[in-house]
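> Not my notes, these are from TrEMBL:
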REPEAT    315-341  repeat 'WD'
REPEAT    350-391  repeat 'WD'
REPEAT    492-521  repeat 'WD'
REGION    527-548  region 'Disordered'
COMPBIAS  527-537  compositional bias 'Polar residues'
Amino acid sequence: MISNGATSTTTTAAASSSSNTAAQSLGLKNFFKTPEGRYKLLHDKTHPSSLLPYALAKSITQITLAHLKDQPVQATANLPALQPSSTYSVASSGVKYVTSKFLGSSGNGSRMLGFVGGNGTGSKANGGASKSAHVGALSNGGTATIGSNTSDGKGTYLIFNVGDTLYITELNSEEKDPIKSISFGNSNPICHAFDSKAKDGHDLLIGLNSGDVYSVSLRLQLQDVGKKLVGAHHYNKDGTLNNSRCTSVAWIPERDGAFVAAHADGNLYVYEKSKDGPGDSTFPVIKDQTQFSVAHARSSKSNPIARWHICQGPINAIAFSADGRYLATVGRDGYLRVFDLLNEQLICGGKSYYSALLCCAWSSDGKYILTGGEDDLVQVWSMEDRKVVAWGEGHNSWVSGVAFDPFWSPQTSEDESENAVYRFGSVGQDTQLLLWDLAMDELVVPLRRPPGGSPTYSRTQSSHWDSVVPVGTLQPAPSTKDVPKLAPLVAHRVHSEPLSGLIFSQESILTASRDGHVKIWMRPGCSDSQVSSSDNCTPVKPAGSGFR
């Protein structure tokens, strides 16, 4: 938070007032109501309007939260040193503040929000990892240094992509403009993921529409006063192994240094960032594009170590269960697929009601999976039943983002263990955020009309609900009469443009529109000072039952 006197206060207040006026003119409110209280708009973030990328329409904004903890000097021993840039210019007051924070108050440092070339010049055969050439010489035993910088860069950061640029901003700063931008020139960043448990400093993955994938240290990017991606490891360089768009990247939980990258041709690759060998990473030709298959690298030194052919057509999103055991994928063909990662086996899956699925997310206990897509529905899948157990109806257009809220809990009750209630959210191209409550014991199975029966419905349950699907089965889309329906608890228009991302944090809900505008909604029970100082807050619980 900036406190540079009257000038900064006036500037921030004016910007906030302007933003609120614009929102009101579009019929947008700066709060929405839930049974537990009001969610208030705390901050909004965007790219600098003067630097709007020409390739805006070529990528859709996704958001990632990254929390950098205290890190001892020894933890950075294997990271390259950074050399201070000889020239840089002032871009905004937010940049001045963050530069002084990282580089000290010598008055010499300012960060330029420029278009930065992020492609490394190192080479690696057949898509293996190569180290970027944008790295300074090692010094002080390999410890990362920048002149007189002594900051460890800890805090929570928001990462989002717009056009050909990746932006980084402090989550709890009142500054709207980012503090760092990295442009990839001829390619666009499409997806990204952060690993807070990374042991070697490389904690951020970036996937491009050229198929290239980078792993970098977020801390180094923040500390660097230059204009380029620093200390990067480059995978699938120039699309050597796969030149189709990288649609999603994810770290594998509980497997340090392992990650996957999904592509628009239906293939998914498993990497280990520690491998830097020149092994042969070619894979055999896929004989049947419609069938799931796994191929392993021929050499133990190869990277990637395996190729999974998931489906025919693009993989739109992937998500791991919290324990890293299961991987969920959704694709253009409209199927959710759930795999056992260790055994490389298809467990279950099924078809959307209509057309493509665009997003998926796990509950924190691994029992349920959310999917959303072009049928305007939010589907709830049960791992125990291996099928759809509820449909959420409320969006008026494609569902582009779904997520469970792991920080929300209903009012406690004696039978809480038997009556679990889940809160989840969804965002769509209808510009709306919807919140839902799911209580499994209150789901009503649709009634069926027996052939030749009376006009009243029978209470005979459908075969869809009664049977458990065998392992490895991909189901067709169920009938609308066979699946219980959910109505949203809250439906609120939060942006003027179609939405593309949703994240729940302990203090807030984050929503993103596809044009690069992110809003932070403060939970009931969290004060402005608590959120701004990153202190934990205790969200207010609803007065009654969690299910509405």
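The backbone N, Cα and C atoms fix where each Cβ goes, glycine too.
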> Do any residues, 6 or more residues outside the repeat 'WD' (350-391), come within under 8 Å Cβ-to-Cβ of it, and if so which ones?
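Residues 316-323, 325-326, 328-336, 338, 397-404, 406, 422, 424, 426, 428, 434, 436, 438, 440, 443, 464, 468-469, 471, 473-478, 480, 483-486 contact the repeat 'WD' (350-391) from elsewhere in the chain.
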> When the repeat 'WD' (350-391) is classified with DSSP, how many of its residues are helical, how many are strand and how many are coil?
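Tallying H, G and I as helix, E and B as strand, the rest coil: 0 helix, 25 strand, 17 coil.
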> Take the repeat 'WD' (350-391) and average the pLDDT across it for me.
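In the predicted model, the repeat 'WD' (350-391) has a mean pLDDT of 96.
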